[in-house]
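Enquirer: Per Swiss-Prot, the features are:
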type: TOPO_DOM; residues: 1-17; note: topological domain 'Intravirion'
type: TRANSMEM; residues: 18-38; note: transmembrane segment
type: TOPO_DOM; residues: 39-76; note: topological domain 'Virion surface'
type: TRANSMEM; residues: 77-97; note: transmembrane segment
type: TOPO_DOM; residues: 98-121; note: topological domain 'Intravirion'
type: TRANSMEM; residues: 122-142; note: transmembrane segment
type: TOPO_DOM; residues: 143-149; note: topological domain 'Virion surface'
type: TRANSMEM; residues: 150-170; note: transmembrane segment
type: TOPO_DOM; residues: 171-192; note: topological domain 'Intravirion'
type: TRANSMEM; residues: 193-215; note: transmembrane segment
type: TOPO_DOM; residues: 216-245; note: topological domain 'Virion surface'
type: TRANSMEM; residues: 246-266; note: transmembrane segment
type: TRANSMEM; residues: 268-288; note: transmembrane segment
type: TOPO_DOM; residues: 289-299; note: topological domain 'Virion surface'
type: TRANSMEM; residues: 300-320; note: transmembrane segment
type: TOPO_DOM; residues: 321-405; note: topological domain 'Intravirion'
type: REGION; residues: 346-405; note: region 'Disordered'
type: COMPBIAS; residues: 386-397; note: compositional bias 'Polar residues'
Amino acid sequence: MKSSKNDTFVYRTWFKTLVVYFVMFVMSAVVPITAMFPNLGYPCYFNALVDYGALNLTNYNLAHHLTPTLYLEPPEMFVYITLVFIADCVAFIYYACGEVALIKARKKVSGLTDLSAWVSAVGSPTVLFLAILKLWSIQVFIQVLSYKHVFLSAFVYFLHFLASVLHACACVTRFSPVWVVKAQDNSIPQDTFLWWVVFYLKPIVTNLYLGCLALETLVFSLSVFLALGNSFYFMVGDMVLGAVNLFLVLPIFWYILTEVWLASFLRHNFGFYCGMFIASIILILPLVRYEAVFVSAKLHTTVAINVAIIPILCSVAMLIRICRIFKSMRQGTDYVPVSETVELELESEPRPRPSRTPSPGRNRRRSSTSSSSSRSTRRQRPVSTQALISSVLPMTTDSEEEIFP
């Protein structure tokens, strides 16, 4: 069966967007690599943004000078860029497999809207557009960092973080109700390559994106307070404490969003929790390296406690997610349509008829006109009753009488 014109248009749009995504992926892979080597057009090494040798938490920011605050050092920035690149590589393989799977599955289209449902299951054009926006914004972020523009880099990374949040939600929910997602998944032919891509490879890619979102939450928190610390007359220690507290609060909203909304679509979404553990390790490294600086500013205990709360909250949220998974497995509240045999049994049940007994005090003497009218009604009553029964009850055949005696 051929797909509808609407589905064909959706598939062509998705394919063109996928080509743009592949081109943007190549560019996003080239930019970080070339930015690490000198004499290739980048003025500075983007990983080394601040000099922690001059870190002083009791000083205020200096005008016309980059004041060092809490940020990622070159090893941590390299780990972050590498993990994001690995996730993008896996997503590149996933979309390539998805295109091949859709080409093979088009031969098994059985409905007018099957093709658009399969495209949405793999990744709608909206999801691809958000992925392209992510790849573009991370390139701009690296280029801006190489020029040491911390204010512009914070704004660009805010756009990147917003695109990452929307992209993660789109990958999990497809921005559709649960029943629409279930209907799209049920339309996929079983034991096919498309089935393997959607139900096995896509959850892996989605969890990788969620893990990268946790790392991006850390970089976003540090970027915001790096820009604030170099824009206003604030103490450096306050900016460090503010960055840690922002990274402590933002994941709580995601934990709530996961249990309220995202868990209905993807139960095994542990990628964000794993990313939070990695981000906590990255955040605690400056506290260990520059312990003397934090101790001299009397912020070591406060920052250490706040940083320690982050993995504790993550562990609690992860434990809640595991408990809810086991609870849903025990309940087994998957609803299925009512079978046709149950409907036939309900229709074949005999219906009780009301008994018609004359009242004891009724007057038996009637006039001739009333008696004649009553005789006519008695003659017409069986006909009307038969018509009523035939109009309400289903017509039974010999085979049905044998099944339902």
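Quick reminder: no glycine exception, Cβ is built from N, Cα and C everywhere.
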Enquirer: Of the stretches 18-38, 122-142, 193-215, 246-266, which racks up the most C-beta pairs under 8 Å with the transmembrane segment (300-320)?
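Expert: Ranking 18-38, 122-142, 193-215, 246-266 by Cβ pairs under 8 Å to the transmembrane segment (300-320) puts 246-266 first.
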Enquirer: What parts of the chain pack near the topological domain 'Intravirion' (171-192), using Cβ distances under 8 Å and only residues at least 6 beyond its ends?
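Expert: Distant Cβ neighbours of the topological domain 'Intravirion' (171-192) are 101, 104-105, 108, 111, 114, 117-118, 120-121, 123-124, 126-127, 198-199, 202, 205-206, 209, 261-262, 264-266, 269.
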Enquirer: Under 8 Å between C-beta atoms and at least six residues away from its ends: which parts of the chain pack against the topological domain 'Intravirion' (98-121)?
Expert: 1-4, 6-8, 10-11, 14-15, 18, 174, 176, 183-185, 187-189, 192-194, 196-198, 202
Enquirer: Other than its close neighbours in sequence, what residues sit by the topological domain 'Virion surface' (143-149), given a CB gap under 8 Å and a spacing of at least six beyond its ends?
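Expert: For the topological domain 'Virion surface' (143-149), the far contacts come to 31, 35, 42-46, 49, 66, 156.
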Enquirer: Express the predicted model's confidence over the topological domain 'Virion surface' (39-76) as a mean pLDDT, rounded to an integer.
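Expert: Reported value for the topological domain 'Virion surface' (39-76) is a mean pLDDT of 70.
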